[in-house]
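These come from Swiss-Prot:
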type	residues	note
REGION	1-199	region 'DHBP synthase'
BINDING	R26, E27, D31, R138, A139, G140, H141, T142, E162	D-ribulose 5-phosphate binding site
BINDING	E27	Mg(2+) 1 binding site
BINDING	E27, H141	Mg(2+) 2 binding site
SITE	H124	site 'Essential for DHBP synthase activity'
SITE	E162	site 'Essential for DHBP synthase activity'
REGION	200-397	region 'GTP cyclohydrolase II'
BINDING	R250, V251, H252, S253, E254, Q271, E293, G294, R295, T315, T350, K355	GTP binding site
BINDING	C255, C266, C268	Zn(2+) binding site
ACT_SITE	D327	active site, proton acceptor
ACT_SITE	R329	active site, nucleophile
Amino acid sequence: MFDMIEEAIYELMQGKVIIVCDDEDRENEGDFVALAEKATPEVINFMIKYGRGLVCVPITEELADKLDLAPMVNHNTDSHGTAFTVSIDYKSTTTGISAYERSMTIQALLDPNAKASDFKRPGHVFPLVAKKGGVLRRAGHTEAAVDLARLCGAKPAGVICEIIKEDGTMARVSDLRKIADEFDLKMITIKDLIEYRRRKEKLVKREVEVMLPTEFGKFKAIGYTNIVDGKEHVALVKGEIIPDEPTLVRVHSECLTGDVFGSCRCDCGPQLHAALRQIEEEGRGVLLYMRQEGRGIGLINKLRAYKLQEQGYDTVEANERLGFPADLRDYGIGAQILKDLGVTKMRLLTNNPRKITGLKGHGLEVVERVPLQMPANKENEKYLRTKYEKLGHMLHF
């Protein structure tokens with residue numbers, strides 16, 4: 001159904017148009033995408049004729065600032081936060097609406113000597129400002145176009161146009177596939193672009209390393225920053241990591257209520273302590289503490305989920321009532337930290353099959369699952385049973 005990201009990059013570099021689809025639970029739409037620097041009048045005309053949507057130009061924050069392209073509105077109420085700037089035409093255009101003149105405006109935007117006074121406002125070209133971090137921060141067509149331009153080694157700007165069917169309704173994936181086949185276009189997804197970037201780019205920075213004596217033993221604490229979202233994570237390392245030998249590893253998601261306050265609603269605190277004890281006894285291992293509170297939904301939303309649980313919902317139902325998946329955690333950043341530490345093979349302390357799959361998917365080998373089941377109590381028994389029944393956690397009752 002979909003093509004490889006590498007194939008799409010090659011086509012874009014040749015000046016061709018591709019189709020980029022987003023997720024079904026987002027806009028569930030496809031856009032024509034091209035490099036801005038290769039947006040000839042023919043490319044623009046193709047998008048207008050067969051896309052039928054609004055032709056926009058995703059650019060960086062730096063370019064928007066340089067050309068004084070202010071936001072179209074002061075208060076953006078769009079559900080997806082699409083960052084339109086004021087629309088523009090190049091100063092030497094006439095009406096600015098033809099494919100030729102829109103192409104002229106786009107090329108003028110990319111001129112390194114361009115200045116704010118070169119453009120009339122409003123106009124017929126609609127710049128969109130991509131978030132820093134690209135699709136890793138916002139999974140939109142705006143960010144995808146700029147990311148793809150960068151991956152092509154081109155100027156970081158694109159041209160996009162929503163694809164609408166002849167009857168005026170939005171083209172969905174099956175329709176988009178037919179269009180791609182008709183015009184021999186590559187078709188990719190933003191989801192695949194996200195995974196491609198996570199595989200190819202280093203997204204963590206090692207910041208500091210100190211010795212940390214604890215009640216469980218002495219560990220080396222190594223702090224990391226996610227360079228995309230700024231979140232800070234820490235690895236507690238015991239002994240020497242030998243890449244070719246399996247390392248005992250626990251990837252533990254932050255749980256303030258359980259880890260710090262000793263909440264009985266979950267088993268997080270006891271799991272954290274048990275993992276540290278086992279690593280200390282082993283004499284070599286890693287506990288990776290990830291800032292993914294509440295299975296990724298954050299502290300306040302976790303407390304909201306607790307409120308719903310008090311009304312009879314289980315932990316999965318509560319997340320879904322709040323509009324979140326049952327488990328929003330991502331293991332790509334954790335995998336990059338483990339690789340930075342020299343871990344390639346691991347004995348993973350977990351009951352969660354998704355964690356095993358997630359880490360394997362980022363090139364790490366899980367040679368053994370080491371169970372980490374804690375005794376249930378009257379406060380968390382339903383929670384644990386729900387994880388067993390609905391999330392597939394490997395638990396025994």
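Glycine is no exception: its Cβ is also placed from the backbone N, Cα and C atoms.
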Q. For H252 (GTP binding site), what residues in its own chain, 6 or more apart in sequence, show a Cβ-Cβ distance under 8 Å?
A. C268, Q271, L272, A275, L287, L288, Y289, M290
Q) Cβ-Cβ under 8 Å from H141 (D-ribulose 5-phosphate binding site), same chain, 6 or more residues apart: which ones? A) V20, D22, D31, V33, P58, I160, I190
Q: For D327 (active site, proton acceptor), identify the closest of the binding-site residues E162, E293, R295, T350, judging by Cα separation.
A: R295
Q.
Below 8 Å Cβ to Cβ and six or more residues apart, same chain only. Which residues does that give for E162 (D-ribulose 5-phosphate binding site)?
A. E29, G30, D31, G51, R52, G53, L54, M170
Q. CB neighbours of R250 (GTP binding site) within 10 A?
A. 24
Q: Output the one of D31, E254, D327 that, of all these recorded positions, has the highest number of other Cβ atoms within 10 Å of its Cβ.
A: D31
**Q.** Inter-residue C-alpha distance, C266 (Zn(2+) binding site) and R250 (GTP binding site) (nearest angstrom)
**A.** 17
Q.
In whole Å, how far does the CA atom of T350 (GTP binding site) lie from that of the residue listed as 'active site, nucleophile'?
A. 14
Q) Which of these recorded positions has the least crowded Cβ, counting other Cβ atoms within 10 Å: H124, R295? A) H124
Q) Of all the recorded positions given, namely H124, A139, C255, R329, which is spatially nearest to E293 (GTP binding site) at the Cα level? A) C255
Q: Anything within 10 Å of C255 (Zn(2+) binding site)? Look among the recorded positions H124, A139, R329, comparing CA atoms, and list what you find.
A: none
